[in-house]
Amino acid sequence: MAATQKLSGCRLPPLPTIGEIIKLYNLKAQKQLSQNFLLDTRLTDKIVRQAGNLNNAHVCEVGPGPGGLTRSILKAGAADLLVVEKDMRFIPGLQLLSEAAPGRIRIAQGDILAYKLERRFPANITKTWEDDPPNLHIIGNLPFNVSTPLIIKWLEQMSNRTGIFMFGRTRLTLTFQKEAAERLTASTGSRQRSRLSVMAQYLTTVKSCFTIPGQAFVPKPNVDVGVVHFTPLAQPQIQQPFKLVEKIVKNAFQFRRKHCRRGLGYFEH
Ligand SMILES: C[S@@+](CC[C@H](N)C(=O)[O-])C[C@H]1O[C@@H](n2cnc3c(N)ncnc32)[C@H](O)[C@@H]1O
């Protein structure tokens, strides 16, 4: 077992390392759930640093798996961490972590695409936050198979100021396949510029943080991974309903190798 670990100034009872957790619970990675684990704490700490100051923050982590990134989030000082994991097999390992950091972790088992994050903010709490909105973050080494629908879902909530985006300040620090990370951050005129670039950039400041080589993950995926940070803009660059913007942008990019105007011609009000 590993030596005693320090999470944000608290001495913890000895915790198994992530590698030991994987062995202890026989957690063989499942490809269909995009399970590629990060065991190197220097990398998980580096991802978490991209989020900024997490001291006393409220954080949601998507897909904690064996808990490597989870530990880094706790070390950074998050006061309240909700983890949403689809695979039941990881829950006992996460409970060990929860016992080591009492009162700081809530564990939810479910599919993040269907999960309503706002459920964790009861009305009596959000009322008290109206004058002084909290430091809210979403962090995740995302499963590749859900990363694009997930960011689109959250951008829509950001646009409508609903759910966890109700205060307009929730920041996101997420991993994507390197190609998707490049599309999200591509500027005007770039070959990588796509529907995803426009949708993300009209609502947020998108920053490409760093690339993690595939070899850093266990098992190794066929691609490298990009870490991307999103900060919501005070005002969206396009003041139109999200679905309308999405439709126009989709049509424009469908025909971009032909004529953009032709694409827009297909758009019906
Ligand atoms: C790339 S792994 C990351 C695991 C861990 N955070 C790490 O960095 O080592 C993705 C995690 O997301 C979980 N997952 C996959 N699909 C999910 C979904 N729809 N909702 C919630 N979790 C999901 C997987 O079970 C896995 O634990």
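Going from the start of the chain as shown, residues are counted 1 onward.
Note: Cβ is positioned from N, Cα and C throughout, glycine not excepted.
Take the S-adenosyl-L-methionine site that TrEMBL assigns to Asn36, Leu38, Glu85, Asp111, Asn141: the candidate from Gly19, Gly63, Gly67, Gly163 listed for it is Gly63. Non-local contacts of Asn36 (S-adenosyl-L-methionine binding site) by the CB criterion (under 8 A, 6+ apart in sequence, same chain) comprise Ala29, Asn141, Phe217, Val218, Pro219, Lys220, Pro221.
Listed in sequence order, Val84, Glu85, Lys86, Ile112, Gly140, Asn141, Leu142, Pro143 are the same-chain residues six or more apart from Gly63 (S-adenosyl-L-methionine binding site) with CB atoms under 8 A from its CB. With respect to Cβ neighbours within 10 Å, the binding-site residues Glu85, Asp111 differ, and Asp111 shows the lowest count. Sequence-distant contacts of Leu38 (S-adenosyl-L-methionine binding site), defined as residues of its own chain at least six apart whose C-beta falls under 8 angstroms from its C-beta, comprise Thr44, Ile47, Gly68, Leu69, Asn141, Ile212, Ala216, Phe217, Val218.
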